[in-house]
Amino acid sequence: MSFVEYSDCIQDGDVAIVYLSHNSVMPVKVQQGAQTQTRYGVIRHSTDLIGQPYGSKVTCSKGGWVYVLHPTPELWTVALPHRTQILYTTDIATITMMLELKPGSIVCESGTGSGSLSHAILRTIAPTGHLHTVEFHQQRAEKVQEEFAEHRVDHLVTVRNQDVCKDGFGVTGVADAIFLDIPSPWEAVGHAKAAMKRQAGGRLCSFSPCIEQVQRTCQALVDQGFEEINTLEVLLRIHDVRTVSLPLPDFGPDCRSDGVEETSPNYAAVSLKTTTPPREIPGHTGYLTFATKPRT
């Protein structure tokens with residue numbers, strides 16, 4: 001099992017995602033002889049998981065059942081243990097597209113946090129790319145490094161425990177893209193520019209919840225010679241698909257070309273599928289500021 005290479009069957013030592021319901025998933029470290037408690041009963045790893053194909057429907061001890069899924073960055077985002085506030089798939093998809101990430105890209109990230117975005121980046125840049133991620137908090141840096149090893153992507157990532165605003169990313173002139181998710185990103189813009197490729201240029205993204213942070217970051221980007229600076233906010237609207245019944249108006253009998261009247265079918269109403277927008281939508285998460293370091 002790896003987050004960037006898919007396996008057919010569950011093996012001892014894998015991290016699997018147990019799907020309980022649409023709004024409830026949980027990660028499980030598969031171990032010989034271990035058990036996992038769920039609201040549907042016990043899952044016995046040796047008999048219920050190991051050797052079974054991913055996607056299997058597993059019956060628990062109380063008679064209820066769950067699905068056991070192969071881990072993906074999207075599933076990990078909704079199942080991971082939160083050590084910090086995290087980015088969700090809506091923002092992650094936009095970041096991946098706007099930074100123009102692809103297999104082989106070299107990316108610098110700060111801060112790592114709970115690793116939600118990191119896993120998505122690693123899946124995108126594999127198998128030949130590399131992620132240099134910086135986390136200020138020592139315990140979080142150690143924990144995310146353990147998770148990368150457990151998820152078998154540690155060969156694609158270097159974790160550094162340092163202050164990016166003072167010490168930079170630990171690399172110079174190698175990055176195709178930079179991502180900043182820190183309280184004062186404007187203080188790291190100079191280090192970000194130094195980490196990017198000198199001649200090829202690259203893309204930068206900064207995530208900030210407050211517009212005052214965006215203003216200072218944009219000014220720092222201008223001062224450092226970045227171009228194509230723009231800020232956007234992504235709001236997700238999930239439409240509800242449902243069946244509605246609409247009354248049909250009575251326009252009277254139809255008249256054919258030969259003058260003979262036809263009686264219209266007596267349909268009082270018709271049922272059809274439609275979508276309705278949500279009455280409420282999730283509120284503001286943060287602003288995404290993008291910029292380009294021009295080629296020299």
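Each Cβ is built from the backbone N, Cα and C atoms, and glycine gets one as well.
Note that TrEMBL annotation is computational and uncurated.
Quick caveat, the model's predicted, so the values are computed rather than measured.
According to TrEMBL:
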type: BINDING; residues: S114, G115, S116, L117, E135, D163, D181; note: S-adenosyl-L-methionine binding site
type: REGION; residues: 275-296; note: region 'Disordered'
Residues that sit under 8 angstroms from E135 (S-adenosyl-L-methionine binding site) by C-beta distance, when 6+ apart in the chain: S110, G111, T112, G113, A141, V144, V159, R160, N161
Among D163, D181, the one of these binding-site residues whose Cβ has the fewest neighbouring Cβ atoms within 10 Å: D163
